[in-house]
Amino acid sequence: MRADVVTIFPAYLEPLRLSLVGRAQERGTLEVRTHDLRAWTSDVHRTVDDAPYGGGPGMVMRPEPWDAALSEIAASDPARRPRVVVPTPAGRPFSQRHAEELAQEPWLVFCCGRYEGIDARVIETWADDEISIGDYVLAGGEVATLVILEAVARLLPGVLGNSASAADDSFSDGLLEAPAYTRPQVWRGVEVPAVLRSGDHAAVARWRRAQALRRTVARRPDLVAQAELSDADRAVLDAVAAEVQQAATPGGQRRPPWHRDSRA
């Protein structure tokens, strides 16, 4: 995969040289090219922004540098057309499914906006995707690009040492991931669940699935409605619902039995 990133702060993308994304580049699985948008300006001040029409605070990124940059990048490989991604709080929410979709693309171009955003005409002309990584506002699109690229890169063939790691991740099956444990067996008086030490792979799988369901119900109940559930899953959910009904606190509020009491 090739990924081009256009930004006015190229140094912001240095973390792409590290960890999984860095190793993917070393292996040739991923090629990342970072571009300074100011290279496509034509004035002595290398201006990339201007006041917004209609008034209001802040500045808007001008269309000319963006159009010149994207035109030149796209022309660098005439045989292919890149998928252009604009990180923005106004975009559709990013998810694991979206990462899987982008991981199938041979070429991505990320446009990192700043100030009050990029002139809407650039978005209308060039953007294939407008993506939001959450309901909050950042100073620019660079952090969102780092998030999206890492989520995508780890899905590329050979990037993870164990391909099962991606398959077992949170959201890969629509649920949050089950809790994980390692040595020592007992830490601060808390022992690793016996089933994980049993050597019974089927029992371990059942335990992890049940814990994933419990965790998802407690933290992201919206995901349960979208997940593909088996009869065994529904039995776990029925049991969880029954436990919650029996776990009323003195104030009348109901607390899930897996909720850790902060006073303990």
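In case you wondered, yes, glycine gets a Cβ from its N, Cα and C as well.
Note that the coordinates shown come from a computational prediction; the quantities given were computed from them, not determined experimentally.
Secondary structure from DSSP puts Leu138 (S-adenosyl-L-methionine binding site) in coil. Annotation source Swiss-Prot lists S-adenosyl-L-methionine binding site at Gly113, Ile133, Gly134, Asp135, Tyr136, Val137, Leu138.
Look at Swiss-Prot and you will find 244-264 tagged as region 'Disordered'.
Within the set Gly113, Ile133, Gly134, Asp135, Tyr136, Val137, Leu138 that the record links to S-adenosyl-L-methionine, no two Cα atoms are more than 17 Å apart, and one pair reaches that distance.
Its Cβ taken as reference, Gly113 (S-adenosyl-L-methionine binding site) is surrounded by 25 other Cβ atoms within 10 Å in the chains shown.
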